[in-house]
Amino acid sequence: GGGAMAEGEGLVSVDYEVFGKVQGVFFRKYTQGEAKRLGLVGWVQNTSHGTVQGQIQGPTARVRELQEWLRKIGSPQSRISRAEFSNEKKITALEHKDFQILK
């Protein structure tokens, strides 16, 4: 344990990519809504190869919740085959102001 953060948990940043039927099913809109509900920041965008990718930042426990959501739930019409997470690191401050949908 290091410094005293609120409720003893620090902030993390993690990149994600979601595979399956995740384009054209409002996946980005729902991801943004879920992230905002959890108080997270970051971004989400469609890729040219049919996946959705982005970055999540916020308190560790909340980030874990969104990771679970990305892995199992997604938008109502989506069919997620898998979600991959990478570049996880502890951060001292959020690098985004809110959660954006990038074109």
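Glycine is no exception: its Cβ is also placed from the backbone N, Cα and C atoms.
Worth saying up front: this structure is predicted, and the values here are computed from it rather than measured.
The active site annotation in TrEMBL covers Arg28 (among others). Within the same chain, the residues at least 6 positions away from Arg28 (active site) whose Cβ sits under 8 Å from its Cβ are Val44, Gln45, Asn46, Val52, Ile101, listed in sequence order.
As annotated by TrEMBL, active site applies to Asn46 (among others). The Cβ neighbour count for Asn46 (active site), using a 10 Å radius and every protein chain shown, is 18.
For 13-103, the entry in TrEMBL reads domain 'Acylphosphatase-like'. Per-residue pLDDT, averaged across the domain 'Acylphosphatase-like' (13-103), gives 97.
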